[in-house]
């Protein structure tokens, strides 16, 4: 045992990689006694040492033995896990079950697949009467230490027990702590997954804005830093826009100080991923929710991974006379920056609308009753997608809890209409110049499709009926009636009506 040896801890934490250590220190800094444990004791010693340096040693105690760790906790015990998702979580749970007692609780703070969380909830309750909650934690290492956004879901009793601690540990914004009870089952993990999907879309849209400004507008990194810093003072105010401005300003520290080379230009254009974006797109498909912006961001990451193929394709098409996109020559940079800003904001609205629709559809399916406005509120601070316009999203759902789509909120609708001309100019310019903007173009297509009274889907449905007898509905008949036509003159020509066809 290391650190304070007397006080019973209100909460325990297992898993002391950087996120775990930082969250433990955060808990201690808010005045709550905490016990910590890690399979490798060196990490425990490191955490205790950090606590001592930060004058938190009287509230944080490290344990080498798991049994001693469990016995150090106030009953009923509350244990937070911050270990790698999947098998490591199951192994840790099995170890804990040998020491925990009925009524104790496990809170998994990892990026876990929501159905795994629900299965564990059933299993630990059946085996030992242990309560279980899955809790998404956003904000990275800095957020864990200074205040993350947290999305707990599962057993409500656990939330009631730990809410006083989590509410102090969470990021604080003008209307409260960035944590709320999300819903039963795997609701917390599901919301965190979609949060990450929105994050994928946000990052891709910002990257496309950067590409258009740099490649077509010829903006330097210094100009990009200035542009993004200015954007961060207005409607685009967000963590990701702010960090982008910082990135543009960073010189390459592996080069002499007197050079003007920037680090961003030296970073290989291959984007990694951990799977939550893919899960989000898969769930959108399962729920029949259109999410083209988020899906396009995932495709962009896949394509970025084909670096060697892209290099060869670039040379191959250059020989055929189709080279890389180039700056447009004389361009009004101020106008271009204004247009791209508006295109980015409009596209961002679509990305968030898609993410919120995925969550709402799943909540209805699972009867989670997720508070949509509260999601926007708890994302205002601590998390990666924190942004000023989340207040607007919160207000939209508070005004109309049954809101079908953010695009139907009057304030967002006004924003879309006033920006659509600039948005179209940016997408058209990029397409004509050969600069790929899949996020912006998919967002624009989503907006244009959603607002149209009639789409060409009538032809698609006729084709389905032609080759597969899938039937169709008619605009001049009740929507309970379905029709099938024998389309070829070689077949007899009458329509067949049905009310019971499942297509």
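Cβ from N, Cα, C; glycine included.
Those TrEMBL annotations? Automatic predictions, nothing curated.
111 is the residue from 26, 111 that TrEMBL records in the NADP(+) site together with 15, 16, 17, 18, 19, 20, 38, 39, 40, 83, 84, 85. Each of the binding-site residues 38, 40, 111 was ranked by the number of other C-beta atoms within 10 Å, and first place falls to 38.
Around the Cβ of residue 199 (active site, proton donor), 23 further Cβ atoms fall within 10 Å across all displayed protein chains.
When Cβ neighbours within 10 Å are tallied across all protein chains shown, the highest count among the binding-site residues 17, 19 belongs to 19.
Closest in space to residue 199 (active site, proton donor), of the binding-site residues given as 17, 19, 40, 111, is 111, taking the CA atom of each residue. The separation of residue 111 (NADP(+) binding site) from residue 192 (active site, proton acceptor), Cα to Cα, is 7 Å. Most Cβ neighbours within 10 Å, among the recorded positions 84, 192: 192 holds that distinction in the structure as shown.
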